[in-house]
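Features reported for this protein in TrEMBL:
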TRANSMEM  6-29  transmembrane segment
TRANSMEM  36-56  transmembrane segment
TRANSMEM  62-79  transmembrane segment
TRANSMEM  91-115  transmembrane segment
TRANSMEM  135-158  transmembrane segment
TRANSMEM  187-206  transmembrane segment
TRANSMEM  212-233  transmembrane segment
TRANSMEM  240-258  transmembrane segment
TRANSMEM  264-283  transmembrane segment
Amino acid sequence: MIILQILLNGILLGGFYALIGVGFSLVWGVTNIINLAHGAIALLGAYITLFLFQHYGFDPFLSLPFSFIPLFIFGYILQRFLLNLVVKAQIFMLLILTFGIEIFLVNFMTTFFSADFRSVTPDYAGESLIVGNIVIPYIRLGVFAICVLITLLLSLFLNKTWTGKAIKATSLDIDAAMMVGINPAKIFAITFAIASGLAGVAGSLFSLTQAFSPSVAGALTLRAFIVSILGGLGRVEGALLGGIILGIVETLSSYIIGESYKNAITLAIMVLVLVIKPTGILGKKYFAEVKH
C-alpha cells in the first residue's frame, strides 16, 4: 500500500510538472529559445494568487484567470519588443538574455515580497479523500485535474484552431509557413504569451501544494526543461507523459534512496532517454530546427 500511495503522489505531482513543462516545451520547439526565465514567470503567478488570497480573500482556484491574463500580456510584450530584437542571435546570447530576465524577476519578487518562504493555505487545505489506506488530498487532486484539463485544452487549441495550426506549422518549417502568409514574429509572440500565461497558472497551483520563495525559480525551470526533454519538444501529449514520469521518479527515488538523491536520479533518467531516443519519448524526428 505504501508503494501505491507513493505512485499516486507521483502521478498527482506529475500533473503540475506537465503544465509547467508544456509552455517551456512549446516556446523551445517553436522559437528555438530556451527560456531560463520560465520558472520566475511561474512564481509571479504564485505571488498573484498569494496577494489576492491574503488581501481580498480570493479562493486560490478562482485566482487562476488573474494569473493567466496579466502574464499572457507580459509574455507577449516581452517576446515582441525584447526577445524579438535578438531572435536571430546565437542561442548562447538568448540564454544570457533570458537568464538576465530571470535574475531581474527574482530580484523584483524578493524586493516586493521578501525572500521568505510563503504558502497559500485555504480552509480546506487539510481535507482529503480516503480510499482504504490511500489518502488523496483534495487540493492535490484538484490541482492535478486542472493541470490535465488545461494541457488537453491546449492540445485541442493547437490542433483545431487556425492560430494553433499556425504555431505548429511555424515550428515544423518556418519558411513554408511564411509562404502561406503566416507572420513568424507574431506567432512567436503569441506562443510566448501562451507559455507565460500557462506558467502563471502553474505557479498559482504550485502555491497551493508547496511553500515557495523567489529562490525556487531555478528549480521550476529545471523541471520544465526535463519534462520537455522526456516528452519531446512542442509535444503537448509528451509534456503530460514526461511530467507524470518525472513526478513518479522523484517520489519513488525520495522514498527508496532519500530526498537528497532525487535530482541526480531525475537527471540520470533524462540522460538515459536522450541516449535511447534523442527526440524524447513522443518527439518527432522531423521536428525542424527554427531558421531565422
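Note: Cβ is positioned from N, Cα and C throughout, glycine not excepted.
Whatever TrEMBL says is automated annotation, not expert-curated.
Residues 20, 23-24, 27, 63-64, 66-68, 70-71, 74-75, 95, 98-99, 101-102, 105-106, 109, 113, 118, 120, 122, 195-196, 199-204, 206-208, 212, 214, 216-222, 224 of the same chain lie 6+ residues outside the transmembrane segment (36-56) yet bring a C-beta within less than 8 angstroms of a C-beta in it. Beyond the transmembrane segment (212-233), the same-chain residues lying 6 or more positions past its ends with a Cβ under 8 Å from any Cβ of the stretch are 17-18, 20-25, 28-29, 34-40, 42-43, 46, 102, 105-107, 109-110, 113, 115-119, 203, 206, 239-243, 245-246, 266-267, 269-270, 273-274, 279-284, 287.
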